[in-house]
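Peer 1: Please see the structure below; I have some questions.
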Amino acid sequence: MKRLQGIAVSPGVAIGEAIVLDNEGFRIPRRFLARNVVQRELTRLHEAIARVTSDIEESRQRVSEQLGDEYASIFSAHVQMLNDPRLREELEEMIRDRHYSPEYAVSRALRRYAKVFQSLKGDYMAERANDVFDIEKRLLHRLLGERREDLAKITSEVLVLARNLTPSETAHMNPRFVRGFATEVGGPGSHTAIVAEGLGIPAVVGVGAFLSDASGGETVIIDGDEGLIILQPDEETLARYRHEVDHQRDLANRLTSLKDLPAETTDGIQVQLLGNIEFPSEAQQCLDRGVNGIGLYRTEFLYLANKGEPTEEEHYQAYRDVAEAMAGFPVVMRTLDLGADKLPALPDPEDERNPFLGLRSIRLALKHVDMFRTQLRAILRASVTKNIRIMFPLISTLIELRRAKMVLADAMEDLEEEGVPFDRDIKVGMMVEVPSAVMMMDHFCDEVDFFSIGTNDLVQYTLAVDRSNKDVASLYTSADPAVIKLIKMSIDSADAHGKPISMCGQMSGNPLYTMLLLGLGLRSLSTTPAAAPELKRLCRSVSIPECEAVAQRVLEMESSRDVKALLREELLKRLPEHID
Ligand code: PEP
Ligand code: MG
């Protein structure tokens, strides 16, 4: 048994069969074929070998023309190796007699060859091992198709173990089949982590190198509460975790009974619970969990899921679906927030050595005004349902906000001229996620209808900690007193101007912070739908004066450690079985 510590980013426990995605692509778990498909699978293998052979031949010819035969000979060696009769016989035997899938046979045979080369000393041998890996990769690529698409195509329950996953790769996972994942890299605030929470699957990131200990196909445990992954668990550990899975299922069932009750404190104060979504299909989950609207629709996932830039019609349909599904409830559509770790298919900016400080979010939108206008037109067209609100992300200066509002005004004018209906009184808000925005809140209050605090970025920009870097993850916390002071300033300022303010960063979905946030005066929280029932239960078991007393004590504290200790103690008093 091997226990590995990482960073817990999406709660819950998952137990299941591992599928390993390492730097070389998929490491294929052992799969057996039904007797009647053996012949078909042998044909698939032969076709893959033939296709890869012709791909390599093509490369050989190109290199030979451009650089000469000397360089092209390496490809000849690859062709020879790939068509070696002994290798072919071995693969055929595995498929025909042992009923291995072609993918598993290829992966197993070629990795064994590569290992032999690796065990022999010298650069020449290391190169040969690389050649074998290269052939394996090409063959698997042919057999499996593109890796990303394959993640979407998984149709049996697995846990994904990977070096890294991009937010869009994660977004392509079907949570019915991918029951959890763990990655070697990645930090607590990365969008990959956020998407995992949205999908409601346990996830652990930043584990460090561990993939060489996993082979794929074996049972693993991902403990998203403690940030652990357990390889080769013993019987006792498995039994304990199975019990935990049952317990969580019971708790989730009990919480559904709260669905139709209000999030009201014991002294009768209403708290607005809203949902964060990335895809239109999640609107239903929000309704199932009894939230009062959508506080953050991360529309940029439409770009990430699409191969190219979405058309106005594609935008429109997605927004209309959400607005209609949520009829009678507010839907806050955040305009595209691309860049940094959410990379669209746009030309690379010239110099992005600090992508989180670079051309991301509203800055990128204002640089690609046509793309921005297309999205705004679609949001406006969908707004005839009257429940849509527009929110601009990452606003750092007043000028930036005014420029965004000007593009919006242009889009409105165009629609008006074209006679296309939209909501003329649509509310316009902004995210508060950069310290400069907090400092200028009084001015922003004159220019927007509402605010939402984005703690994921606010923490990163306040503490100068990259939200997706595991090596500085211990500094990345919403419990830092500086962050809490900025949150208080934002709430006080919005309150003083009578402007509604909510919070949609991950902090708002963590019950650890609920009492503090209510005590600081927040009355609206937007979270992943999965987190909402627990928050509702907590709201219903505290009073505002109790929360204010907690906030008062927190505001006097000097370190995140003290803040967390106090909040944990207070939470456990209210929800004794809460697992933090
Ligand atoms: C945030 O920064 O808190 C936020 C909600 O936006 P995102 O996580 O998408 O950057
Ligand atoms: Mg943000």
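Heads up, the Cβ atoms here are built off N, Cα and C, so glycines get one too.
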Peer 1: Of the candidates Arg249, Arg254, Arg334, which does TrEMBL annotate as part of the phosphoenolpyruvate site that also includes Arg298, Asn456, Asp457, Arg467?
Peer 2: Arg334
Peer 1: Could you tell me which of the recorded positions Arg334, Glu433, Asn456, Arg467, Cys504 have their C-beta within a distance under 6 angstroms of some atom of ligand 1?
Peer 2: Glu433, Asn456, Cys504
Peer 1: Can you go through the recorded positions His191, Asn456, Asp457 and pick out those with a C-beta less than 6 angstroms from ligand 2?
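Peer 2: Going through His191, Asn456, Asp457 in sequence order, those close to ligand 2 turn out to be Asn456, Asp457.
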Peer 1: Mind computing the max CA-CA distance among Arg298, Arg334, Asn456, Asp457, Arg467, which the record assigns to phosphoenolpyruvate binding, rounded to whole Å?
Peer 2: 20
Peer 1: Is any of the recorded positions His191, Glu433, Cys504 within 10 Å of Asp457 (phosphoenolpyruvate binding site) (Cα-Cα), and if so, which, in sequence order?
Peer 2: Glu433
Peer 1: If H, G and I count as helix, E and B as strand, and all else as coil, what does DSSP give for Arg467 (phosphoenolpyruvate binding site)?
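Peer 2: Coil, per DSSP.
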Peer 1: How many Å lie between the Cα of Arg467 (phosphoenolpyruvate binding site) and the Cα of Cys504 (active site, proton donor)?
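Peer 2: For Arg467 (phosphoenolpyruvate binding site) versus Cys504 (active site, proton donor), the Cα atoms are 16 Å apart.
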